[in-house]
Amino acid sequence: MLYSLARPMLFSLAPERAHELTLSMLDKAHKLGIMRQTVEAKPTTCMGIEFPNPVGLAAGLDKNGAHIDALAGLGFGFIEIGTITPHPQSGNPKPRLFRIPEAKAIINRMGFNNDGVDKLIENVKASKFRGILGINIGKNADTPVEKAVDDYLICLEKVYNYASYITVNISSPNTKNLRSLQSGDALTELLQALKARQLELAEQYNHYVPLVLKVAPDLTAEDVEFISAQLLDFKIDGLIVTNTTLSREGVENLPYGNESGGLSGAPVFEKSTECLRLFAQTLKGQISLIGVGGILSGEQAAAKQQAGATLVQIYSGLIYTGPTLVKQCVEAMT
């Protein structure tokens, strides 16, 4: 109700300013104790972790982990922060975020703008949140793709003790050549290095933190087969399906519809759900799947579950539907 009143004002602002203002308002409401949404418990086990409910916040909303406590008050079963990189970076030039309300869509070309992994860890330490926290890691824009493994290893080592699970983001379309890591020897070398280090860290800290890969929806059936085989070979714990799409289907004739970047929101739902279904058919339950992409209703969350997801994540849907979407999704899922 409150969000439906605030939305016209927020939508009158530039998208990035509205994003900042929303998080600021959420923080203030949390401190005053007036922003707390009660969501039914629906315990769900995934990757050896018991989640209080299967609906999480996707990475990208809270890149630096600066708003964890306020976001936790919305009733999420888990929160994923990031994408974080070894060093701070400003991302791509503005404007870089575009709303397409006619299609309930967003295009972003943010470019992993973040304050660096050390700042994120400071924020996590300062948080009172003791729930399930995913940390999404990436590479700096000025790191050559041939050296990308080094950036992921730095982040893995630094966040290991602060994360419930760690997501390896190789699917953002907004960092040059990043998606090339989804194929061939590049993927093999990355997963091999990360898995070896994960096992060393698990032994060192006597605590196993699951490793999750996040992929794009713009994959062929052959890509799905190859990625699935690699995930199984290296015993990766989970897969997030999917990131944003490069397709412009459904928005090509709308204002901002042909801006460069990744498209999210309603138009990506079918594409990402089909990709999820393909991975589910290929992996046959051997790896946990997390469905994300275009969820704007409880029914769509349930559809992701039917396509093979154990958990779901939302982000763009929150912008168009508001925080009640969390509750709707939890209620619709089994």
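Just so it is clear, glycine is given a Cβ too, placed from its N, Cα and C backbone atoms.
According to Swiss-Prot:
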ACT_SITE  Ser172  active site, nucleophile
BINDING   Ala59, Gly60, Leu61, Asp62, Lys63, Thr83, Asn136, Asn169, Lys214, Thr242, Gly265, Gly294, Tyr315, Ser316  FMN binding site
BINDING   Lys63, Asn108, Arg109, Met110, Gly111, Phe112, Asn169, Asn174, Asn243, Thr244  substrate binding site
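On the structure: features taken from Swiss-Prot.
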residue: Ala59; record: FMN binding site; Cβ contacts under 8 Å, 6 or more apart: Glu80, Ile81, Gly82, Thr83, Gly134, Asn136, Thr167, Asn169, Lys214, Tyr315
residue: Leu61; record: FMN binding site; Cβ contacts under 8 Å, 6 or more apart: His19, Leu23, Leu71, Tyr315, Leu318
residue: Lys63; record: FMN binding site; Cβ contacts under 8 Å, 6 or more apart: Ile81, Gly82, Thr83, Ile84, Asn113, Asn114, Asp115
residue: Arg109; record: substrate binding site; Cβ contacts under 8 Å, 6 or more apart: Asn92, Arg96, Leu97, Pro173, Asn174, Glu259, Ser260, Gly261, Gly262
residue: Gly111; record: substrate binding site; Cβ contacts under 8 Å, 6 or more apart: Gln89, Gly91, Asn92, Arg96, Ala141, Asn174, Thr175
residue: Ser172; record: active site, nucleophile; Cβ contacts under 8 Å, 6 or more apart: Thr83, Phe112, Gly138, Leu178, Arg179, Asn243, Thr244, Gly262
residue: Gly265; record: FMN binding site; Cβ contacts under 8 Å, 6 or more apart: Ile100, Ala103, Lys104, Ala105, Ile106, Gly294, Leu296, Ser316, Gly317, Ile319, Tyr320
Grab the substrate binding residues from the record (Lys63, Asn108, Arg109, Met110, Gly111, Phe112, Asn169, Asn174, Asn243, Thr244) and give me their largest CA-CA distance in Å. 16
For a quick check of understanding: given the listed FMN-binding residues Ala59, Gly60, Leu61, Asp62, Lys63, Thr83, Asn136, Asn169, Lys214, Thr242, Gly265, Gly294, Tyr315, Ser316, what is the maximum Cα-Cα distance in angstrom, as an integer? 20
Reduced DSSP state (H/G/I helix, E/B strand, rest coil) at Gly265 (FMN binding site) is strand
Provide the number of Cβ atoms within 10 Å of the Cβ of Lys214 (FMN binding site), excluding the reference atom itself. 27
For Gly111 (substrate binding site), what is the secondary structure state per DSSP, taken as helix, strand or coil? coil
Per DSSP, Lys63 (FMN binding site) is which: helix, strand or coil? coil
Enter the number of other CB atoms within 10 angstroms of the CB of Asn169 (substrate binding site). 27
DSSP secondary structure for the residue listed as 'active site, nucleophile', reduced to helix/strand/coil, please. coil
